[in-house]
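Down below is the structure, laid out as structure tokens.
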């Protein structure tokens, strides 16, 4: 008996020494008795099933003995890529028992996550679309390639979406409700607004992309971290079964206190090939203290105002990857029509929409998308904030003489914010046809794609700074060198001599 007792005590000591950490969240708003449990990366499917069976019996025993918590037990189960885990409501003794399992990585209290946007006045001009396809603020047209995100699926992880709004043209579907409130609609308006910016016919950037609504926040704009993680899990699995994660974008215009579980889930989605656009937060503080904005593998977005300054509310710091329009943005409203909102919540969907646009246009995916956004952007932001490593504002290539087809859509009018408008050509001419003395819309030299064709993938050429384009060789320019021009674009001695006599 003495030997058995010694062995039991030794095993208990080893178990305690190897117990997983129960993380502390002193500055967060926690959900009482609700926890997120993450398993170690080497946990097999069989190990995970065994742990769940053990949890069920342990939890039942503890609850039966104490009967102190209502509606207790497992709520969400996570299982994608390397990440396995679950969330639920458990008493203190059960949590201690869970932490002792050597397959458990950590236990984290469930915290409240909120949207990063707020409603402002209605019927103000939506300037964001025009800004992302022009070199300077103040433009009133949005120039884009006709591919417009076709073939890409965008996941709106938010408050839900009014998928029947006319701006979505039937391209939006309801996906999942992780709030479990039985209310499959957007009672907040936040998710419909952000989705309109991403894929709407009038207010959207990727006007041909599909949208899937994933509700993780309630009608008050808040919800537990456990539901956010479940929404990420669901989105990744849905993407894998419907076109692939490399043709999927996830927008997360939300955030809360720093969460290892939420950051880990976001990182796993990126590792699977999805592009994640995340709002930096609206507290005018270091975004490093917020999740999922602090996750290095996502594209974290700060907000800009109409004059290209950082929005006064926008978070800043080393976590920021890029800026996008976020002040006074007009977009879709549940039930029809439009409304204006401000926040990094409004900036992130500009990035998500542009990501979908570029993925369709150039065939890129995952982490390469954020890098491409930085390449195409303009160094325009003033007062980016302490420790912020970038002042780049997103652009679709139009600011650098880039690749979009000349197919501009007028920016929404203040007097008719919800009227759909068809894209119209921005100037006359023969885009795609080289002819002497006339620059091409959006590109001052031959190479512009024919209408209806996708633009080429190479990086855009610099936009000439003046109407004369002094450093760009094209017919009719002041510094035009015909020999260099012909050798580069056409070649052939017979044709060179004939056209040389014509132009000279």
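Every residue, even glycine, has its Cβ placed from backbone N, Cα and C.
As annotated by Swiss-Prot, signal peptide applies to 1-19, with the evidence given as sequence analysis.
Annotation comment: Swiss-Prot describes 34-116 as domain 'Inhibitor I9'.
Positions annotated as domain 'Peptidase S8' by Swiss-Prot: 126-400. Per-residue confidence over the domain 'Peptidase S8' (126-400) averages out at a pLDDT of 94.
Note on residue 158 (active site, charge relay system): other Cβ atoms within 10 Å of its Cβ, all shown chains, come to 29. Feature annotation from Swiss-Prot assigns active site, charge relay system to 158 (among others).
Per Swiss-Prot, region 'Disordered' is recorded for 172-198 (among others). Only residues 6 or more beyond the boundaries of the region 'Disordered' (172-198), in the same chain, are considered here, and those with a CB under 8 A from a CB of the stretch are 75-76, 115, 117, 119, 128, 154-156, 158-163, 165, 204-206, 209-221, 223, 227-228, 230-231, 234-235, 238, 249, 251, 253, 329, 331-334, 338-339, 341, 345-346, 348-350, 352-353, 356.
Annotated active site, charge relay system per Swiss-Prot: 190 (among others), in sequence order, evidence recorded as sequence analysis. Residue 190 (active site, charge relay system) carries a helical DSSP state (H, G or I).
Here Swiss-Prot flags 282-312 (among others) as region 'Disordered'. Residues of the same chain lying 6 or more positions beyond the ends of the region 'Disordered' (282-312) and with a Cβ under 8 Å from any Cβ of it are 116-118, 127, 131, 137, 225, 252, 255-259, 262-263, 265-267, 270-271, 275-276, 318-328, 342-348, 350-351, 355, 367, 369-370, 373, 380-388, 393.
Residue counts for the compositional bias 'Polar residues' (282-294) under DSSP (helix as H, G, I; strand as E, B; rest coil) come to 3 helix, 3 strand, 7 coil. Annotation comment: Swiss-Prot describes 282-294 (among others) as compositional bias 'Polar residues'.
As annotated by Swiss-Prot, active site, charge relay system applies to 345 (among others). With a 10 A radius on its CB, residue 345 (active site, charge relay system) counts 33 other CB atoms from all the protein chains.
If you look up Swiss-Prot, you'll see 378-483 (among others) marked as region 'Disordered'.
What Swiss-Prot records for 378-394 (among others) is compositional bias 'Polar residues'.
Feature annotation from Swiss-Prot assigns compositional bias 'Pro residues' to 405-449 (among others).
Annotated compositional bias 'Pro residues' per Swiss-Prot: 457-473 (among others), in sequence order.
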DSSP-derived class (H/G/I helix, E/B strand, else coil) of residue 158 (active site, charge relay system): strand
Integer Cα-Cα distance in angstrom, residue 190 (active site, charge relay system) to residue 345 (active site, charge relay system): 8
Residue pair residue 158 (active site, charge relay system), residue 345 (active site, charge relay system) - Cα distance, angstrom, rounded: 10
